[in-house]
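Feature list (source: TrEMBL):
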type    : residues                                       : note
DOMAIN  : 5-364                                          : domain 'Aminotransferase class V'
BINDING : Arg42                                          : L-glutamate binding site
BINDING : Trp104, Thr163, Asp188, Gln211, Asn253, Thr254 : pyridoxal 5'-phosphate binding site
MOD_RES : Lys212                                         : N6-(pyridoxal phosphate)lysine
Amino acid sequence: MNRPYNFSAGPAVLPEAVLQQAAAEMLDWHGSGMSVMEMSHRGRHFEQICDEAEADLRELLSIPDDYAVLFLQGGGLGENAIAPMNLIGLRAAHAADYVLSGSWSVKSCAEARRYGDVAVAATAEQAAVVDGAQQGPWTYMPDPASWRVRPQASYLHLCSNETIGGVEFMDWPDLAALGAPDTALTVDASSHILSRPMDVRRAGLIYAGAQKNIGPAGLTIVIVRKDLLGHALPICPSAFDYTIVAKERSRFNTPPTYAIYIAGLVFKWLKQQGGVAAMEAANVAKAGLLYDYLDGSSFYRNPVHRPVRSRMNVPFMLRDDALNAPFLQAAEAAHLLQLKGHKSVGGMRASIYNAMSIEGVRALVDFMKEFERSHG
Ligand SMILES: *Cc1c(COP(=O)(O)O)cnc(C)c1O
């Protein structure tokens, strides 16, 4: 079967080999006589699935032993509340600072305001001149040298890949160098986790909804330094208290078992591909192909400041908005799915996560060339 190429921002494409293995194991997982969906989360079969998934994720991201890995529910937006409930009480001031770089970090910041003294450390909401180039709102990353991190802040929050705006920021700063050595860096990495090596040590907390670059919706990955545990606010539900969930090895209550299983298959697939360094090389090639074409065209454009263009989510506009509907219709006919841009940005967006092949990106670029030729 020839599947179409799926450019959805999330839930998103999964590796075909993973879907096939899951299909083959659907009725009987490894001779257990059960589907993974039918197993006790406390039985030996699921224990093996869960433990292997954690071990493979640790290996892929080189997660040090003094970090806990948690499999939670609630998604990225759930984590916007769960993270402050767990971390804002770390220091007496109950303060947290947020870097605003697009829609997702703005939402994170608004949610956190319920739980303590929240301030904006930096924002990209204004148009600005960046490295000599005029940039529109939410198309660049504020320079870390300009971030105002309060020394009493329990944590500083960052979204390191803004899925909607297409802004990716990998040079996670050392907060000690910004005058806040006791402030924990908290990163929403939902839409680019496992797309490249990440310096886990730079962060106190990394979280990601699984449905972008890992697996099915319903699973949230949390990676947290253990010395930050033990400060949850009294209102924090037990099922979302990192300390309790870590102690129970993600089985305090029933975790999203099937989603963990699929994520585990994706982790094994990633290891077979050569791990995150190999994924990074592939993602650089894929993104390069698309951005090079966009930059050479006067028919399409990407508005994001070049050094922080996302390798995962590539928004692009057509010269004439009236061509959006015909573009999407022709793309679907050419088996290129879910290219419509987010309504707040307009135009198109191609999400090219790990599971999107270079052939898929080539097919998209070929299609865009042909559309430009016939409508330009
Ligand atoms: C998709 C996304 C979210 C929201 O995830 P939900 O699981 O829908 O709550 C949060 N942050 C980022 C960066 C995302 O891409």
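Cβ coordinates come from backbone N, Cα and C, glycine included.
Overlay of TrEMBL annotations on the structure.
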residue : record                              : Cβ neighbours (10 Å)
Arg42   : L-glutamate binding site            : 9
Trp104  : pyridoxal 5'-phosphate binding site : 21
Thr163  : pyridoxal 5'-phosphate binding site : 27
Asp188  : pyridoxal 5'-phosphate binding site : 27
Gln211  : pyridoxal 5'-phosphate binding site : 23
Lys212  : N6-(pyridoxal phosphate)lysine      : 28
Asn253  : pyridoxal 5'-phosphate binding site : 14
Thr254  : pyridoxal 5'-phosphate binding site : 11
The rounded CA-CA distance in Å from Thr254 (pyridoxal 5'-phosphate binding site) to the residue listed as 'L-glutamate binding site' is 9
Nearest to Arg42 (L-glutamate binding site) by C-alpha distance, among the binding-site residues Trp104, Thr163, Asp188, Gln211, Asn253, is Asn253
Nearest by Cα to Lys212 (N6-(pyridoxal phosphate)lysine), of the binding-site residues Thr163, Asp188, Asn253, is Thr163
Close to ligand 1, in the sense of Cβ under 6 Å, among Arg42, Asn253, Thr254 as binding-site residues, are none
Mapped onto three states, the DSSP assignment of Trp104 (pyridoxal 5'-phosphate binding site) reads helix
Simplified to three states, DSSP reports Asp188 (pyridoxal 5'-phosphate binding site) as strand
